[in-house]
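Asker: According to TrEMBL, the protein has these features:
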- 13-60: domain 'Acetyl-coenzyme A synthetase N-terminal' (DOMAIN)
- 67-447: domain 'AMP-dependent synthetase/ligase' (DOMAIN)
- 508-587: domain 'AMP-binding enzyme C-terminal' (DOMAIN)
Amino acid sequence: MTDTVPMIDSELSEQERLEYWAGEATRVTWNAPFTEVLDWSDAPFAKWFVGGRLNAGYNCVDRHVEAGHGDRVAFHFVGEPGDTRSISYRELQQEVGRAANALTTLGVVAGDRIAIYLPMIPEAVVAMLACARIGAPHTVVFGGFSADALAARIADRDAKVVVTADGGFRRGRPSALKPAVDDAADRCPGVEHVLVVRRTGEPIEWHEGRDLWWHDVVGTASPVHAPEAFDSEHPLFIMYTSGTTGAPKGILHTTGGYLVQVASSFETVFDHRPGDVYWCTADVGWITGHSYIVYGPLAAGATQVLYEGTPDAPHRGRWWEIIAQYGVTQFYTAPTAIRTTMKWGDDIPAAYDLTSIRVLGSVGEPINPEAHRWYRDTIGGGTAPIVDTWWQTETGAQMIAPLPGMVDAKPGAATAALPGIAIDVVDDSGASVPNGHDGYLVVREPWPAMLRTIWGDDARYVETYWSRWPGVYFAGDGARRDEDGHIWLLGRVDDVMNVSGHRLSTAEVESALVSHAAVAEAAVVAASDPTSGQAIVAFVILREDADAANPGIVAELRAHVGREIGAIAKPREVFVVPELPKTRSGKIMRRLLRDLAEQRETGDATTLADTAVMAVITAAVAGAPDAKEA
Ligand code: PRX
């Protein structure tokens, strides 16, 4: 059956590709029609659906109410403590209208930037849609990021308003968010207001004049708000992601092209039909939450589950219980989560009725065949197709995925480009590799949801993505084209790590480590990990005046990285070593450190400046029982 994979795009001419996207654009309601599908004259700076005007918030909410679907549930919200709330499209329209009016009252106008730092509660979606409605691009910062990371993002964006909460619930306990915002806002004078949702009811510090309760300001505003139409290229949001340097980059997405492609891919990849209940477990703080909780599904008028908590709170069957309770038909999660729940045992999902599941999705990292089979057999009843979707913060929308029903997915292969997407696998010279060969994953032609630039740094945009092979987008991933022409993702080929589906750069963690007073030098590598895909392993050289005998140094450095970036960036292991392996030009040979981290025999070390150094480091690593925090 695999020979029926639609390699549609390889046969599409440029004109057919543009016609295809013009057709897909009819999924969206335009206030003014576009006059040109794509303007690529200033490549690699794209303009899609040129001249078209629309409002993303209207498309995601109001038009469904106008079409008579006001009573349809937009979200079944499930709070971690067990509180639930079902929100219809009409109620969502009113909430978003109130929030848009409230932001306007606070002086926010089109083009102003808003930062959002919230748990997975309905207000996160409402705040995003309110921003879209008034043309104020949002930056959602994942709640797991620290005050430092939040401050860096607020400052880079020069955000005027921050929307946050007192906290959220995490594994049965309230987990505070407001202190990080207080800390960040103190350092960012551009922040005029902090809008605070009361979620946990825990006491918080209050900054008179700056802080405002969401229920006071939004709760009392009028629910009626007239959306304004914006240019197709009006900025919709900026999402920060890790690159190969220490500074995260702000990926800019605009309105028309993004909305068309997320709506189109959501409907086709998940085979969405009326009456379905879709659930994506991602956090709205990541691109998956933006594209496949907020903009794609809502543009399609879908009914979703929105869950605040983790899969194991208050018990390890929580996800499956929610699927059974709401009759979830499409479930979209990450391989890390699949491997974790798989480890807990088959008897847990077996206790729930999962027969409503029709399509299972996977995203964020390669899915290993064992996890793929378990997912299909144990969660999908042996019949649900698995759509393994490859894409990135930068691509904005899914790019490679088997369409359910069209292919019998091979466990572990993302298979083929979606219609209208020109994927290729190339060698060092940029030439396509034949079937059966490995190479680099590239996109040969622009696509509607593509990033438009890196916020404030056009040169870095061109350099990072478009300069390795001129005119071709380099994704940073290795890939194999198998004998059938299907694509297998092989992981990153740069210094970007993928830890539990979270993207981090080695440089980012290294700069956090060297900002600690005791650290002179640090090198970070990603070692493979059976659950999280990759795990962070750090090698540090301490300063001469640091107390190398301090038994708590490893725990202290891990905690320091947690404060600098967030808990997700804490290294699994920290080894204190006397030297780092370097070439004569001073470049750290990470390959050798990776061998050590994975407890393999170290590879060819002949290009080292000092070939004896590996023996010294190996001895230090072998004698470091406390590298992992207890
Ligand atoms: O290496 C690829 C991996 O995740 C990277 C993008 O990370 P991020 O921008 O955080 O977006 C994650 C959610 C879309 C890619 O460069 N990746 C993503 N999906 C897959 C994947 N690797 C293999 N298979 C996938 N399905």
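Cβ atoms here come from the backbone N, Cα and C positions, even for glycine.
Keep in mind the model is a prediction, meaning the values are calculated, not measured.
Just tell me what is around each of these and how deep it sits.
Answerer: Per-class residue totals from DSSP over the domain 'Acetyl-coenzyme A synthetase N-terminal' (13-60), listed helix then strand then coil: 19 helix, 11 strand, 18 coil.
When pLDDT is averaged over the domain 'AMP-binding enzyme C-terminal' (508-587), the result is 91.
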Asker: Work out, from DSSP, the number of helix, strand and coil residues along the domain 'AMP-binding enzyme C-terminal' (508-587).
Answerer: 22 helix, 28 strand, 30 coil
